[in-house]
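K.L.:
Handing you a structure now.
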């Protein structure tokens, strides 16, 4: 009798495990369709004829395959900037923002983690509190500052603006990683003759590599898609990053949907190439920093 009960319990447990796995698989597939569906539709529509797109008759598997939209936006000409120029501008700005914000955040996070001074906790809390204010309130001051310093319509000005926008969050994220490292580690390095900066960048930074990667990728992704401050900083066509470049394909009377969709595809492909190989490390570092904080 007991053996029958044990066997029945095992069967019931096995059935529950199977049902749980099936439920998880179904939910995962549903989420995959919800999140990837729009991207797949955009890519599929971008390689179909303009008339097909305008009529809403495009299909997931193209029956009138064409790369003409990509050729049109990449070639440029007749006063139109080629999309490759927009991509290069975004790459240059985003990479510089990622590097500069990482260096600033490392030093700031180390200072907040290791030094004791009045108002330290207030400053640490204000890093995130600053994001509570509507960004539109700072548009006019930023534009005025850029104009008076001669940084308006320059990539340097845009890099500095984007760095100022992401550095507080990156500092908050990295501070929690520095807090988790025992002070004895840097004390041992200093006893061996290493200076403060050498200790930070050659001893401590490798120990917070996951957090640094998360902060750097956050800065790059933010800069890549930022539109509002870019629109008031950059006006020259040849200096525009991708978000501003996309707006040039939107006409008041004639909307070329094929070009718009092709441009959108070229916009998110570089981020996917960057994010997918490092996604596990990024999420691990991001969540670890949030939990430690």
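Note that Cβ sites are derived from N, Cα and C of the backbone, with glycine treated the same way.
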K.L.:
Tell me which range among 61-83, 199-221 TrEMBL lists as transmembrane segment.
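P.N.:
Checking TrEMBL against the ranges 61-83, 199-221, the transmembrane segment one is 199-221.
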K.L.:
Which range wins on Cβ pairs under 8 Å with the transmembrane segment (21-47): 86-110, 122-143, 155-178, 199-221, 257-278?
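P.N.:
Going through each listed stretch, the top one turns out to be 257-278.
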